[in-house]
Structure formats: structure tokens, C-alpha cells
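S.K.: Below are the features listed in Swiss-Prot for this protein:
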{"type": "DOMAIN", "residues": "4-99", "note": "domain 'DUSP'"}
{"type": "DOMAIN", "residues": "279-869", "note": "domain 'USP'"}
{"type": "ACT_SITE", "residues": "Cys288", "note": "active site, nucleophile"}
{"type": "REGION", "residues": "615-650", "note": "region 'Disordered'"}
{"type": "ACT_SITE", "residues": "His828", "note": "active site, proton acceptor"}
Amino acid sequence: MNGTSPDESPDSTTQRIDSFNGEQRVYFVPLRWWKDAQDSMPSESVEKREILYTASCGSSYGGPMKLINNIFNSDILFDLRREGDALQNGETGEASVSGRDFALVSSDMWLQALKWYHDDKNTEKGVKSFSAGGVDRGDVYPVQLRLSVLQETNSLAVKICKKDNSVECFRRACKIFSLDSEQLRIWDISGQTTLFFESDVSNSKDCQQQADQEILLELQIYGLSDSIKLKESKKEDGSTQQTNGITNGMNGGTVFRFGRSNSLSFLGKAGEAGTLGLTGLQNLGNTCFMNSSLQCLAHTPKLVDFFLGEYSKEINLDNPLGMKGEIALAFGDLLRSLWAPGASTVAPRTFKAKLARFAPQFSGFNQHDSQELLAFLLDGLHEDLNRVKNKPYVEAKDGDGRPDAEVADEYWRNHVARNDSIIVDVCQGQYKSTLVCPICKKVSVMFDPFMYLSLPLPCTSMRTMDLTVMSADGSSLPIPLTVNVPKFGKFEDLHKALVTACSLPEEETLLVTEVYNNRIIRFLEEPTDSLTLIRDGDKLVVYRLKKDANNSPLIVYMHQKLEEQFISGKSSPTWKAFGIPLVSRLCDVENGSDVENLYLKLLSSFKMPTEFFTENLENPTEEEATDKTDTDGTTSVEDTNSTDVKETTESLPDPVLRLYLTDDRGNSIEAEMLKEKPVNKSKRLNVLARWPVKELDVYDTCLLSSLPEVSKSGTKRPQESVSLFKCLEAFLTEEPLGPDDMWYCPGCKEHRQAIKKLDLWRLPEILVIHLKRFSYSRFMKNKLEAYVDFPLDNLDLSSYISYKNGQTTYRYMLYAISNHYGSMGGGHYTAYVHHGGDRWYDFDDSHVHQISQEKIKTSAAYVLFYKRLVD
């Protein structure tokens, strides 16, 4: 479209038009000026339908428009509308004339109007009518449309058949952008306006399009007052550079130009800039974990190109491992919504519903792990988009001494024969797994694919624990002990550390227990249980026991003493638990008398000297006063089901020590242990000792009651730091398999705890790195807060690749981070995304704002997304 000033002479304009090699042109003219020119026309030459369209400024430009050539030089955006829809007011048919309204006229009409306007006289020359109506031409030349969303993404080619008409082209455009047809208009700007549709059933005139024609597509986002526009700011050397940013206050739609050009033009007022893809996701209720992963994937370059194209052609509806394409379609629709012009915030309800349907673990509104969602989504997208319709059977063969390169290529060919999708193309790599049998030294080499690397954090591998060690023969007092164990180790690691710390002789063994409220609540006997089951506030007691060839059962002694409590002014004697339980074996115990003698032997180390005991009769111990404030483990005398308790209280102050059979918690009394009564030695014996006041005074109960916590609460440790390369080296370090993950050795024909070694073999285009900050157990979850120092612009992995298989580069650039703040279960997820130039953005659910590059490296980094650099 060309424009000239209304004040120019018709002759000069004619000469200018002739210089365009005879091509027909369409002109924007100000509507006020056009109305004045119409007034000068002869009435028989004026037809209302000669003004086919109007053009209203779609940007926020509000200045005067005096000269047409100045208008076009300012890169102002216009919306085109039919005259009948936009210009007529009511039944009068009068046009509403505005200083910002324009008419779209043919070159013949433009020349005649200039003459009438300048000469102010009638002309004899007929006016050529210009209309979009007429006979439909149903054929077009073969044409290729190039669609692009941002300059940093590759353009998308859309093939249109020669038999396709303009209606089919219109429908194709609607399908590509997932828009309703009434929200879209197409017209030809190749030299003469011949195609103009407001619905997919409109007819067109003069559809003989040229092969190099350019189709302009306008997308109008209804219900929104703001659009996102981009402009190409001109450099001094004449080249263009795209500027990114968010611009508010612009009305109307965003115009995209599709044609043979590889670049995408976004027209807007000078100084206005914006960008696509900076769209937040609403938090539907603890869905920040999902939003974080989705934003990282939605800004993965190759995936953006793929899902903005005709990806539905690759959906595999028959894959039994897939989800009938529903996850891929839901993700594709969501990604298009995030990249739609004018979008501000998107509510991912449809996607979450699909997710909950196929992955019930993510249903509801509980907090989950963003990496677990990412793993499920990548696997689900792969299966939904798997190009392999019928997977062939392939057998995994061992290397058997063949060259690694040959075996690796064989494994990869077998993998791709069954798994071929955009996810495999972009996100999957391959590592080498070597297993060595510790017995026969058999070596097995396999090559497995990976979607992401889960790296441990080696700097936080040790944990300090405080415990109390008790003798099982009364030979020594309780001993406090501190040991260092692997933070994610097992109970057997704790046992080994205790054996070393105690210098344990061969004839002794250790029993590790957890004590709470003066009773043993747990025996830590399973060697494969995780040490994460032990919390910092727990109290652990270790008993040194003699090894017994007959494996005699244990006998556990719990203690109670009688206290006077005053309730509502009345005295109420109550039994109160105190002290650490004492443990021994039943190997030399036959009757009740032996049970009592063994108990007194275990207490012998707590007996105070005679002179201290005499002095203490006149001055009550501090421990007695302290015990009165502790009400845990109390039993009312009146509530007990022992018939001897009342006799005991009535015979004060001269009672005797009594022993009772009880349960493992010391809550109920089964029977009193009589001295001559035989003891059942077939199972563990739980004994409750009830002490008379006078006899208890001869023992130092303070030593019996003091227990340290595993780790003192409130002590703040300095934050640890580690480099990403150290994490990678820990991942690649040789280590033995666990007892629950043993390998079947083909040489020994037995399951063995083989030595395993991993090596990187083939790296993907998109490298996803998962930092293993979280550990899970049956009872608790832990998070590591260590700061991981990772490179931004140049992650060079060339020194970690076992085989250089012709790949040009092993360098990567960071483009997204999934962050987790806070503790497990109550934390919050966000995403940092690199989006054009050197800009980083913080995606915090529906809030999106720019963040400086210096602030993106934090201890909250959880999943890192890298893209391969091209040399």
C-alpha cells in the first residue's frame, strides 16, 4: 500500500505510480479528506460501495494524521473493517467521520479524487468500482506460509495445496493458532486487495494469487483491552533489531505478517515494545509445583516451535503406553495460550484435569514435587507423540568384549526403533553403565537412555549424632557419645560407627533404641532402614550386651516412684515413671528372685556413697523437685488394677521394692513377680519396678534421667556450597549396589552387590539437571539447603564424555530454573526463565517480572534447564 499527500499534484502522483512497473496499488486516505473529495465529485459518479474499507489506528498513537506518507513512515498499526460494519450509523447511512479514520481505495479512484480535489470541478471520466464481492475463484497457486512467533525461534512452514481455496487457508490459520474463526481476518496486500474474510464462508474475488504474495493475518483477542506488540527498531546501519518488553494500554488486535520472509514483523508505534511468552499461570491451589515445571518447558526452544506447529499430526492414538494423545493436546493448547498475543494470565484448569486423570498422584490440591511432575510429563508427551506405531521386539545384548562404540550405537538404534518422538530428539541422551561382580570379576557393559540427570549433593553427605551408651551388667555409668554418619545412610552405617567409637570387643554386641517418656518406643534393628527416620529431636540409647549363643530373649526394666499430688485440696498418691529403661538378657534368670537380683545389679553403678546418702536425707535432691513438675508417665493409685498397691501405700513409710509384669509401654500391670515363681523365657520380658521412697534415695536418679538429643535444636549451621561439577563427579563415582538393588551375575548365577560405574556417552540438545535436594522415607521428608554454584553461559561437559562421537560441541547455556523455597510440604515453587537478549524473568504463578542475572543463582535452585550451544 502506498500513500501520498493530498496536497501533491495529480501529475506527480501519476508519475510515481507509473514507476511501479504497472503494478496495481491500494491506498490509505484520510476519511475527512475523502469526504471532501466526494463532495466535489459529480453525483452520478459517487457510489457508496466505492469505499470498501476503513482503517482505524489500532495502537495507542493519538496524534494528528496530516500527511499519508508520514503516517506510513511512523509504523502505526491499523485495523481494517468493512464499511457496512464500521462506518454506518443507524438507519441514516451517514458515516461517522473521525480524524483517525481512513478509507481504502483503488489507484484509479485515488487519481480521480486528487483531480476533483485540486481542480474543484466535475470530471467526465467514469469511476471504476472496487468491491470484494463477486464470483468465487476456487483455485490458488501453490504457496508456502511462514509463521514465526519470536525472532529467536525458528519459523514454521505450513504447506498449502494448489487446490486449497482461501477459505481452507483461513481454516488452516485458525487451527494453527487454536482460535475461533470469528476472531480472525485475512486479506491480501500483494498489490490489490482481493481477499477479505470475516468468516470462513465468505467468498473471494480474484483469487489468482502470485507465488510471492504476502498474506497479512490479524488476530483479535476479544475481551482484553491490552495487546502485546513488538516493533523492529531500526539501527543506524539500516538493519533491524527486535526489542522485547511488555507494553500496556494498547487497544485492538496484534497483526502478524506471514509470507516468504523468514522474519516476523510486529508493527507498532515508535517507542512501544513488547514480547510474547511472558504470561503467568494462575495458582489453582498448591499448583505452584506444576506452574514452575510448565513455564520451564513452555520456554524450551524446540518444544515451542513444535507445539506452535501442526503437532497433532504426530499424535499416536494407538500407543498402549500413551494417553490417547490427551496429554499432548492439553499441553499443546496450554503452550499456545501462553504464547498467544495479548495473553496476561492463563488458568491451567483443563491441563490439570487431564493430569489428574492420568496421574492420580497429582489430583487434589496437595503440594507435590515439580521434578516428579516434569518426569511424568516428559514421558507422557513422548508416548503420546511416539512416531513408532508398532514397536518391534528388541533384545538387550551385553557387550561381551565388543568395542563400546559398536555396542552403544546398537543400543541407541534399538531404543529409537521403539521410541521416536520430539522428546527423544530433543531431551534424551545416553550413558554407559558398567557392573563388576565382586566375586568372579565378571564385567557387564550396557548403554541406557536418560531424560534428565539426577545429581547428588556431596557436600552434605555427613551427619553428627549424639547418643547415650549403657552397660548391660551395671559395670559403668551412662556414657554420652558423638558419631558421624552418612546423612542418607542406613542403620548399619550407624552401627559400624558405634562399634568403632565404643572399641567394642568381639564378645559384645550393640542394641540401639529410641527412648521417649521413660520407655523404649523403638528398636533400631533393621540394618537397611534409612537414617532419615531419626530426627534431630529424638533420644537414642545404645545398650552393650553380651553375645549369647542361645540368643536368649531380652528383659527390659522400667521404673516408677510414688508421689503425693494435691488435687482440689486432697492428697492423691500417684505412680510416676522416671529414668532410662535398663536392658539385659534372660540367659541366667530362672525365677522372680533372679529378676530382682539382676535389676539391682544393673543399678549398682548408680548407687551413691554412704556419706552422700546421709547428707541427702536432710536436703532433698534437685532431681526430686524437678520430677514433681513432670507429669508424663503417671498412674493414679486408685486407678491401678494391682491389688497390692493400696497395701503398699497404707504401709508407708516402710514399703518394699515390688516388681510387676507389664506391657512394652509400662501402662498396664499383668501380675506381681513372686520370688519363687518361674519365669517364662520364651519371649521378651517387660518388668515394671515400683520404688519405695527410702530405698530410691540411695541411688543417683539424676544420672539415670539425663538423655541428650540426637542434635541440639536451635543451632544454626553455616550454609554449605558445592559446584555443579562436584555434583556431577559424585554422580559418576564408582559405588557398590545396595542390598535391595543387587545384580544377577551371569558368571556366578547369583545375585551380587556389584560395583557400578556410570559414564556420560551421548548428550541431548536440551540437558535437564535435577539436584537431589529432597529425601523421602516412611515417616519424614528432608531437604538439603546447600548452595550449588552452576555456570550460566558456558557449561562445558567435554571432559566428562567417555566417547567423542562426532558431536560438535559439549557446551551448554542455562535458559530456565525451577526453584523451591521453604521446607518440604510447605514450600513454594517458582521459575526463572531466560527470555530474549540478556533478560531473565521471574515466573511466580500469575506474577511475571524481570529479574537481574546476578540474582538467579540461589540455594533454591532445584531443576536446571540447559540448551546446547552451536559453534
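In case you wondered, yes, glycine gets a Cβ from its N, Cα and C as well.
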S.K.: Taking only the residues in the domain 'DUSP' (4-99), give me the average pLDDT of this model.
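M.R.: Summing pLDDT over the domain 'DUSP' (4-99) and dividing by its length gives 45.
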S.K.: Taking the Cβ of the residue listed as 'active site, nucleophile' as the centre, how many other Cβ atoms fall within a 10 Å radius?
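M.R.: The residue listed as 'active site, nucleophile': 24 neighbouring Cβ atoms within 10 Å.
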S.K.: Across all the protein chains here, work out how many other Cβ atoms are within 10 Å of the Cβ of the residue listed as 'active site, proton acceptor'.
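M.R.: Excluding its own Cβ, the residue listed as 'active site, proton acceptor' sees 17 Cβ atoms within 10 Å.
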S.K.: Would you mind reading off the Cα separation of the residue listed as 'active site, proton acceptor' from Cys288 (active site, nucleophile), to the nearest angstrom?
M.R.: 7
